[in-house]
Amino acid sequence: MEFIPALQARIDEHKPSLFELLSEQQLAALLPPTVRYLLTVLTQRYPRYLLRVLNSFDELYALAALVVERHYLRTRGGSFTEHFYGLKRERALAAEIPRASAAAPGAVRDALRLRPADVWRNLLVIVGVPYLKRKLDEAHEADAPRAMMGAAYNRPPLPGAPWRERVAFWWRCFLRRVYPAVNAAYYLSILAFNLAYLFDNSKYHSPFLCLIGTRVRRMSAADYRAIEALEERAAKRRGGRSVAARMLGGLSLVLPTSIFALKFLEWWYASDFAKQLSRKAAESLDLPPPVVAGLPTGAGGGGGSEKAQQPRREKELGKEKDEEVEEEEEEVSEEEKERRAIERAPVSASSLLPIYTVPPPENSDQCPICEGEITTAAACQTGIVYCYPCIHKWLTGTHPRQEKFMAERAGKWESGEGRCAVTGRRVLGGTEGLRRIMV
């Protein structure tokens, strides 16, 4: 399929193949996540300075891409990644002019080069459309869990609700019902134009380029001569503007260098040579002999008896403290136990009352509520597994353990209804938020 364009009746040497265009699009799509990953790594070291930048990454990246792409469209005639593949953009004609292109390539280039209005239209396609697509995808993914919670979390606003609630409701309706169809139409239109371009039935490989009347072509000798002349004129000028132009032009060298470094690191960490070096480095380490607690001097291989017996003494002291705490808890009154339970319990943000919870089980096979072996396992949204009847009754507030506890504490405690029995966190969707586990 790579040679299909060359098998057509009319051969156009300046028309790029579909696979060149797809490679360029893949490279352009890899830049945002790569920059985001590098920024995330740096933010972990310098969160004070870079946390706000990371939170506003999409907007700042779109602004930086707008500056870089505008410079490359004005000086190179193509986007940043298109220039890396030797491609350019030009205004599309109703008919081809092969004779004029062969006789006067410089004049044809000047006649078809992008005008200022064309540059802004292409910036809208290169920067604006991907930014809008990323935002819509993120909003759709964020709304997907809410759509699965049931009708209780998707109710329409009341008649007297503020306009923000009404707008948010209709926005969620758009993301849930309309956007999947729009997303499918987006990819289907791109696929249709790609197939039409592959079989030489269209001069555009993208519907957006068709809308703005721009097509992608291979760079000719006239384009390279024009770029060299432009760089020579920029080198003669002095000032901050020429320095900025040189820095933006130097990005074309940074991209292939970074790709080479990335591929080299990928090969290095996947090769056996790197594993052998790391293994040899680990073998050369001279580790001290271990110190075993409870052995006399010299038996541990390096530590004295005092150091060896220190962990045992600490354990014995810890056991004595635990026994003292248990004896004190047995001696305290019921009021003191109630006060300590209130201090340990989570507090509701709305009622400011302590929430009744149960301790986590020592064994993962036990249900925290009934303290027996789990039957008909069900997972809560907090990740804790219960018996399905136990957690279902707990969320509805009808479990016997809840009723017994709340018999004398009504108005002083929250029963834990609608919350996780161990953590006390609110379970979205109530019983609909439970997930049965099939083993």
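A Cβ is built for glycine as well, from the same backbone N, Cα and C atoms used for every other residue.
Topologically, per Swiss-Prot, A161 is found on the other side of the membrane from E232. The transmembrane segment (163-199) shares more Cβ pairs under 8 Å with 116-149 than with any other stretch in the list 18-45, 50-74, 116-149. Least crowded of the binding-site residues (C367, C370, C387, C390), judged by neighbouring Cβ atoms within 10 Å of its own Cβ: C370.
Note: the Zn(2+) site is recorded as C367, C370, C387, C390; in the same chain, P368, I369, E371, G372, I374, T375, Y386, P389, I391 also have Cβ atoms within 8 Å of that site's Cβ centroid. Here the zinc finger (366-439) has, by DSSP, the following mix of helix, strand and coil residues: 20 helix, 15 strand, 39 coil.
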